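Trainee: Here you go, one structure.
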Amino acid sequence: MWGFLKRPVVVTADINLSLVALTGMGLLSRLWRLTYPRAVVFDEVYYGQYISFYMKQIFFLDDSGPPFGHMVLALGGYLGGFDGNFLWNRIGAEYSSNVPVWSLRLLPALAGALSVPMAYQIVLELHFSHCAAMGAALLMLIENALITQSRLMLLESVLIFFNLLAVLSYLKFFNCQKHSPFSLSWWFWLTLTGVACSCAVGIKYMGVFTYVLVLGVAAVHAWHLLGDQTLSNVGADVQCCMRPACMGQMQMSQGVCVFCHLLARAVALLVIPVVLYLLFFYVHLILVFRSGPHDQIMSSAFQASLEGGLARITQGQPLEVAFGSQVTLRNVFGKPVPCWLHSHQDTYPMIYENGRGSSHQQQVTCYPFKDVNNWWIVKDPRRHQLVVSSPPRPVRHGDMVQLVHGMTTRSLNTHDVAAPLSPHSQEVSCYIDYNISMPAQNLWRLEIVNRGSDTDVWKTILSEVRFVHVNTSAVLKLSGAHLPDWGYRQLEIVGEKLSRGYHGSTVWNVEEHRYGASQEQRERERELHSPAQVDVSRNLSFMARFSELQWRMLALRSDDSEHKYSSSPLEWVTLDTNIAYWLHPRTSAQIHLLGNIVIWVSGSLALAIYALLSLWYLLRRRRNVHDLPQDAWLRWVLAGALCAGGWAVNYLPFFLMEKTLFLYHYLPALTFQILLLPVVLQHISDHLCRSQLQRSIFSALVVAWYSSACHVSNTLRPLTYGDKSLSPHELKALRWKDSWDILIRKH
């Protein structure tokens, strides 16, 4: 009965030794002495700050990209037990003992190492030879700039990994489509394509370029599906294609509907990436829930949702603004800096520098710091008291109000006098009665921009409001201009008569709020310094927080001042630039982002050859001359769409960008060039070399060319790893181009 247990068990494993060897070599090249140098290298000073914020769960805002990339780096810190305590203030600073350098650099290094075997698999999936696939992988292996970038706590190698994973997954899916649609492997690779695309976008916005490429290729293939006569139209198969039990039958059926194919692609390539992208932000906001240094960039409502900071100040404030309320008003737009409506005792100059006159009324500005002069009292124009009645009478949309400055008791006013820096707009002031024929015009109509259908009550933090001047219909607006010294360089406030729509510069929200209880000015000033607390809960939804955070990231502009190592896209193709990443404090050992010039120039030549050959073939095919068999032509076109197209979409957009650019921005495009190189070489050997002798000569030239690339890689190795101190003479010998900045110490 149990005799079957005595039978031998045979396990068969199909191991691709080439793939194993490439993976091993990739790991060795990227992980070897990974902790060297044990010092901050170039942009590690930038990313390290955000890792520390994650470790301490402090909110931050970075406009360079979505949070997934930072979370990947922070995961390395978490796995290494990093507590976030390190001062990231200087390139070259030695890491303290509590910083797990190996762990922090591990994930980018693994991503760089795994890109080597992925290049091999991509070329195979394009149906080119193992020799061509091995060539692409070995070029990825020895390329100096890719090695340097992947051995540091930087994100380019992770971005490249997900770019290649997206392309590889789509090719796997596309090849499954030919023989086993709707199989488990078909679903797996299609889903992984969407996941990889989302991760690429989540690492850096540059990932959108490869995502668009994959979507474009998928759209072309979907268009071809529409012309497939073996597929039915939308019919009874729709229900079947959604049932797992039918999937095995569907791959053998010729009646699978087109709708099923299109729906599957839409879910995997559109819905899944969007859901994952939202998930990245959801996890990010869970991790960084404490108040931090970037709070003021966000709205009052967002700040109030963070632990500490404004949440601590505003906790328990009254929710509904009433007549007699004491409030601070923050401009929603917050450009050029977040600021609050402010006034002080000083008046506008009688005569401005350009000769124009003013009203000489009390200045009203927008002040970028919290101050007691930011407090205003919401007064009912029909009553004299400046306190909240019992019960409180809430202010509603459309109500007339007066805004009385808390410390000077003068009312917010505007009139037909030109603003100091914006003569097309009205001056805004606090009215001083000079006993002349200039009556006060201090009535404002409240408009709640984001009011709900169920309520029109003005609410603390939540309501975004506009103040429309009753007499002139001017809207209270932050112009963004800085006043001269007489205005203490504070921001100009104007009355905008030509305002159309609800621009953020005309929208305000109450940030701090209390119910005033004293009619005496001295007691009222004491109240303003110590606001009361009443428990009110305010929680923003995730989508509200996500929308604001995403908008701020896109709208925020870093200081794009010129950098010593910044460069233009034209300099990248021919490697006319480099970046000095690190210099040993005592020796001449140094790390540079410097590419393998043989590979870079050869990649550019391969692109040119591909373009010329494709143009030649298209012209010939137009004349009904087919130089290539149909299957070879389709391989050639698909390889060009993904490899040449990948280079184009990851390179050409930089010509349109107004930002500081560096050589490392070219690395994603370079990887697609490297994939194209062996494709072009094999095509020349297979289709342009007419005889065996020509093929042999061409193969010998390719071997010589690859040997030169290996020689260059080995020669530049001291600048790639930075583990060898070279003499000034040796360093000068490595300056192959006058534009290369090799650091030579002066003794």
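Even glycines carry a Cβ here, placed using N, Cα and C.
Owing to the predicted nature of the structure, the values given are computational and were not obtained by experimental measurement.
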Trainee: Looking at N-linked glycosylation site as annotated by Swiss-Prot, pick the matching residue from Asn16, Asn539.
Mentor: Asn539
Trainee: Have a look at 68-88, 236-256 and point to the one annotated transmembrane segment in Swiss-Prot.
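Mentor: In Swiss-Prot, residues 68-88 carry the label transmembrane segment.
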Trainee: Under an 8 Å Cβ to Cβ limit, what residues of the same chain, 6 or more beyond the ends of the transmembrane segment (40-60), are close to it?
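Mentor: Here the qualifying positions are 70-71, 73-74, 77-78, 82-86, 88-93, 95, 104, 152-155, 287-295, 306, 579, 581-582, 591, 593.
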Trainee: May I ask which of the stretches 8-28, 154-174, 183-203, 636-656, 661-681 has the most CB pairs under 8 A with the transmembrane segment (122-142)?
Mentor: 661-681
Trainee: Most CB pairs under 8 Å with the transmembrane segment (206-226): which of 8-28, 154-174, 661-681?
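Mentor: Going through each listed stretch, the top one turns out to be 154-174.
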Trainee: Can you work out whether the transmembrane segment (99-119) touches the transmembrane segment (8-28), with the criterion being 3+ CB pairs under 8 Å where the paired residues are 6 or more apart along the chain?
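Mentor: Yes, the stretches contact each other.
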Trainee: Given the cut-off of 8 Å on Cβ pairs that are 6 or more apart in sequence, determine whether the transmembrane segment (597-617) and the transmembrane segment (154-174) share at least 3 such pairs.
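Mentor: Checked: the transmembrane segment (597-617) vs the transmembrane segment (154-174), no contact.
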Trainee: With pairs restricted to those 6 or more apart in sequence, evaluate whether the transmembrane segment (269-289) and the transmembrane segment (636-656) have 3+ C-beta pairs under 8 Å.
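Mentor: Not in contact, no.
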